[in-house]
Amino acid sequence: MTQADNQNPKPMVLIILDGFGESDETTHNAIKEANTPTLDKLFRHYPHTLLEASGRAVGLPDGQMGNSEVGHLHIGGGRKVPQDLTRIDAAIASGEFYENPALIEALEKAKALNKAVHILGLLSPGGVHSRDNQIAALVELAHRCGIKKIYLHAILDGRDTPPKSALLSIEKITDQFHAYGNGKIASLIGRYYAMDRDKRWDRTEKAYDLLTQGTAQFHALTAKEGLMLAYEQGNTDEFVSPTSIHRHNETPITIEDGDVVVFMNFRADRARQLTYAFLDDHFTAFNRQVRPKLSAFVTLTAYAKDIHAAVAFPPLELHNTLGEYLSARGYRQLRIAETEKYAHVTYFLNGGQEAPFNGEDRLLIPSPKVATYDLQPEMSAVEMTNKLVEIIQNDDYDLIVCNFANPDMVGHTGDETATREAIQVIDDCLKRIITALQSVGGEALITADHGNAEKMFDEKTNQPHTAHTSNLVPLIYVGREAQFCKEVGALDDVAPTLLYLMGLEKPREMTGRNLITLK
């Protein structure tokens with residue numbers, strides 16, 4: 001069936017409110033505290049249900065909070081997708097990790113040349129971009145291989161973990177180095193610098209110069225001392241300035257010709273810029289004063305097709321995702337988001353497919369250039385809505401997928417007032433989108449990829465809560481008379497439900513289920 005044969009409403013708009021979780025808790029809940037007349041009306045008058053967006057429901061370990069990458073993979077995939085975190089942890093448990101060909105080959109090169117192995121990675125138990133147990137497993141593997149010079153360049157979290165929580169991970173890995181009698185943490189830097197994904201290359205340059213030249217704002221004898229120094233400066237883990245760890249009479253440990261680098265982040269989006277700085281022969285984003293000629297550069301997972309590195313855990317291929325399935329049937333699609341979430345409504349929603357499918361257009365709205373988004377909680381939501389309303393009225397597309405980044409990106413700052421303002425901006429944008437849809441006979445499914453903004457303070461740590469949550473997320477249908485089933489669904493049910501509303505059978509690859517019945 002093509003859209004020409006289908007009399008279902010057009011366009012269908014899938015609206016993803018990034019970081020918008022459901023919680024009965026009203027204290028420190030920016031969503032409940034915000035003035036949201038549009039959302040209140042939608043929940044009162046339109047069918048809605050709740051979806052699981054964490055743990056096993058999205059291919060993660062029990063209790064592991066969801067994230068944007070995983071959320072969009074499941075929304076677009078319509079099936080349970082084993083996540084890299086789960087795959088790599090399983091490989092460690094089974095022993096396969098210690099026989100991984102890409103890792104073994106790189107380590108053997110370092111051993112043969114008597115060169116150093118430099119481990120880059122987010123040293124964090126967060127499980128969103130990395131997990132510290134996996135870094136520890138690589139340290140163990142390097143030790144087993146007889147590597148004498150093992151250096152960890154620790155990127156600190158404080159975003160998917162409490163703002164000041166890095167010490168435990170630092171102490172654990174330091175104890176491991178001491179037990180082996182070789183290796184050390186060579187540098188510290190906050191993810192704000194080392195893991196930018198919005199082409200703020202001045203931040204990436206600071207990380208690159210720390211790694212290749214030892215250019216540091218601070219120097220410390222130990223990693224713990226370096227962390228305490230950052231806290232004294234008023235910085236939380238995320239914002240730790242470039243810090244070199246070495247004795248006062250020694251030169252900083254840097255990545256040199258012949259060395260091996262292993263980047264231990266399993267999530268690609270925030271690992272790409274730093275990787276390009278090392279590997280791109282035509283790199284122009286900043287002037288690389290030093291470019292080491294490496295024996296090997298290994299990435300834990302595949303970061304991008306144009307990044308030519310050995311990959312320890314290649315991606316699983318997904319076929320007949322929502323985008324691919326609709327494309328094959330001649331449907332026209334649009335993906336629209338601002339910079340911070342553009343990859344999620346394109347690459348991740350398409351199951352790791354970089355190029356658009358036939359009939360799929362993409363529109364990128366630039367995110368504002370501010371240090372942190374609490375300074376501009378509206379981000380680019382209004383500009384995106386202006387374009388979206390215009391596009392809806394032009395009636396060019398069968399399916400439009402858009403992502404509002406504000407609840408997640410502002411929620412990550414831990415600023416409750418700013419996050420509340422962000423929610424209120426989104427509420428006003430939703431009103432305009434729904435009004436435009438109803439004027440042309442279109443419909444909407446509104447959901448989220450994971451929670452965040454509904455929990456802004458952590459009573460246990462007595463710190464602002466900047467991480468995602470494991471809460472359920474909403475699914476609201478704005479269209480014809482319908483009823484959701486009583487059971488709680490999951491994110492992989494969104495695509496089958498959407499296809500049902502568009503008058504289509506789901507493909508056999510989609511194991512998620514339709515959650516709604518039209519009356």
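Each residue, glycine too, has its Cβ placed from N, Cα and C.
Annotation source Swiss-Prot lists Mn(2+) 2 binding site at Asp18, Ser68, Asp449, His450, citing sequence analysis. Taking all protein chains in view, 28 other C-beta atoms sit within 10 angstroms of the C-beta of His450 (Mn(2+) 2 binding site).
Neighbour count (other Cβ atoms within 10 Å of the Cβ, all protein chains): 28 for Ser68 (Mn(2+) 2 binding site). Ser68 (Mn(2+) 2 binding site) falls within a helix when secondary structure is assigned with DSSP. Feature annotation from Swiss-Prot assigns active site, phosphoserine intermediate to Ser68; the stated evidence is sequence analysis.
Reduced to three states, the DSSP call for Arg270 (substrate binding site) is coil. Within the same chain, residues at least six positions away from Arg270 (substrate binding site) with a Cβ under 8 Å of its Cβ are His129, Arg191, Met195, Asp196, Arg197. Annotated substrate binding site per Swiss-Prot: His129, Arg159, Asp160, Arg191, Arg197, Arg267, Ala268, Asp269, Arg270, Lys341, in sequence order.
All protein chains shown were included, and the count of other CB atoms within 10 Å of the CB of His412 (Mn(2+) 1 binding site) stands at 24. Residues or ranges marked as Mn(2+) 1 binding site by Swiss-Prot: Asp408, His412, His468.
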> Looking at the binding-site residues Ser68, His450, His468, which has the shortest Cα distance to Ala268 (substrate binding site)?
Replying inline: Ser68
> Using Cα coordinates, what distance in whole Å links His468 (Mn(2+) 1 binding site) and His450 (Mn(2+) 2 binding site)?
Replying inline: 7
> What are the non-local neighbours of Asp408 (Mn(2+) 1 binding site), defined as same-chain residues 6+ apart in sequence with CB under 8 A from its CB?
Replying inline: Asp18, Gly19, Phe20, Ser68, Lys341, His450, Asn452, Ala453, His468
> Looking only at Asp18, Asp449, the binding-site residues on record, which one has the least crowded Cβ, with the fewest other Cβ atoms within 10 Å?
Replying inline: Asp18
> Which residues, same chain and not among Asp18, Ser68, Asp449, His450, have a CB within 8 angstroms of the centroid of the CB atoms at the recorded Mn(2+) 2 site?
Replying inline: Ile16, Gly19, Ala53, Gly66, Asn67, Gly71, His72, Lys341, His344, Asp408, Ala448, Asn452, His468
> List, in sequence order, the same-chain residues at least six positions removed whose CB sits under 8 Å from that of Asp160 (substrate binding site)?
Replying inline: Met65, Asn67, Ser124, Gly126, Gly127, Val128, His129, Thr466, Ala467, His468
> Cα-Cα separation of Asp449 (Mn(2+) 2 binding site) and His412 (Mn(2+) 1 binding site), in Å?
Replying inline: 15
